[in-house]
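Taken from TrEMBL, the feature signal peptide covers 1-28. Annotation source TrEMBL lists domain 'PA' at 84-161. Feature annotation from TrEMBL assigns transmembrane segment to 191-210, 249-266, 272-291, 312-336, 342-362, 369-392, 424-448, 460-483, 489-507. As annotated by TrEMBL, compositional bias 'Basic and acidic residues' applies to 218-229.
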Amino acid sequence: MSFPLGNRRRVSATLPFSFLVALSFVVAAIAGGSKSPYCNNPVQLAMVKIWVDGDEGEYLAGLTASFGATLPEEKNKVPKLPAVFSNPLNGCSSSSSKLSGSAALSVRGDCDFVTKAKVAQSGGAQALLVVNDKEEIEQIDCSGDVSPNISIPVVMVPKSVRDDLTKTMANKRVELLLYAPTRPIVDISVVFLWAMSVGTVFTASLWQEFGISEQTEKRLNESSSKESSDAGTDSDNDQETIDISVKGAILFVILASVFLLLLFFFMSSWFLLVLTVLFCIGGVQGMHNIIMTPCTSRKCRNYPQKTVRLPVIGEVSILSLGVFLLCVIFAVSWAVHRRASYSWVGQNILGICMMINVLQLARLPNIKVATVLLCLAFFYDIFWVFISPLIFQQSVMIAVAKGKNTGGESIPMLLRVPRLIDPWGGYNMIGFGDILFPGLLITFTYRFDRESKKSMGKGYFVWLMVGYGFGLFLTYLGLYLMNGNGQPALLYLVPCTLGVTVVLAAIRGDLKALWGYSSKSSAMINPTAEV
């Protein structure tokens, strides 16, 4: 998925771009060759750059018609054209507005697209932009008699263009430049996003090892009853881990769906602010816990640990308090500058810390719960990305991720990296759920391998890490094949993780043990609660 950058705006097509291309071939085949030979242009994703009084402004996306001139790939091969609205606005009859040498704009309806193109061209227009009757854009078909003398490009643009340009053109000069830049097959940002996702799951799986090793070492080095008492107190203060139950897994997916609908219907600037505050709280907690992990505190153990007593909280170490304040400063600084072009760095740091912390607190006890949770998440992702448009006229998941009704600002519950070499700009991103759901299973297999004393080759952790990385690769492959339209990542990740686990366990004869597995050693280390 992509997001707006600065004052630039991106609008995606209603149907995946590749599907539109395939559909055009199907329609042509059904027509049995009856369609005009001048109606077989390839569908192009058009970039429409806007200049206001000579200053470059935002850009918007459109789709070209299957007739008329095709757009060049390089912007230096086309001139800027003054924008003029046809009069009448439907563009079905000769315009009283002077269209000569302009990019004419007309609204959809009242006559076919071919007629609009002929009228605009006869008036001297160098291009025609058809404003759709909805925000999504579609391919312009060839209804009507297409003649070879239609030599101007015809592009469909979203509904909001009419209001935006009408206000701007009231007292300013607006020029448009139309071209169709080629998107790179792979943007380097995908590599960074892949590495961050895999690295987060890998780190979360191994991070628990540090805490276990430290506690074990501390107990072995206790030499007095006072120290034993202190150690016991520290153990009691350890964070509890939560074992997810089958009922908890079902309830979680239901609540996630309800929350997604709330975001879809009631998303606003204030709602986004609440999410930002919650994200900062989770990020601060995660960052603090990671920095104060026993692996780090071991290095400071030989130094005097000074404490201070605070109201309500009680006695805390000065080191912990200092780290907490630094984490708060970092989170507040990100929240204040979250609209800046560099804010993705801070968002990713806070998000990764929060996810590592969540994967330490929430655990899958066995494959039975994992199967319920991941299978429900599998259908959850597919439904809200692919099926929800049939009910809500647009993909609920994509609309929420892109920041519906928030002025283009995206929700913070995702990792994102700017597209570095893509002329369309925007961001590549992955939602937290696409990391946490498979991450819960992968961290479970790490604990299972460790407690069962399985070697790297005979265990499950390494295989699932490879499967998760391959699943992400398939996700981004699908993303590019569908021309950047959002993909349900769990469609690929669940078979590559849960599927690999079940197949390997069945082959090795471990399926029964994994299905009803209960970790005794983890229960000894941390008190557990069940949800």
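Placement of Cβ uses the backbone N, Cα and C atoms for every residue, glycine included.
Contact between the transmembrane segment (369-392) and the transmembrane segment (312-336) is not supported, since fewer than 3 Cβ pairs fall under 8 Å when only residues 6 or more apart in sequence are counted. Residues of the same chain lying 6 or more positions beyond the ends of the transmembrane segment (342-362) and with a Cβ under 8 Å from any Cβ of it are 196, 200-201, 203-205, 207-208, 211, 239-242, 244, 279-280, 282-287, 289-290, 330-331, 333-334, 412-418, 427, 432, 435-436, 439-440, 443, 531. Listed as Cβ neighbours of the transmembrane segment (272-291) (distance under 8 Å, sequence separation of 6 or more from its ends, same chain) are residues 207, 239, 320, 323-324, 327-328, 330-332, 334-335, 338, 349-351, 353-358, 360, 403, 406, 409, 411-413.
The average pLDDT for the domain 'PA' (84-161) in the predicted structure is 85.
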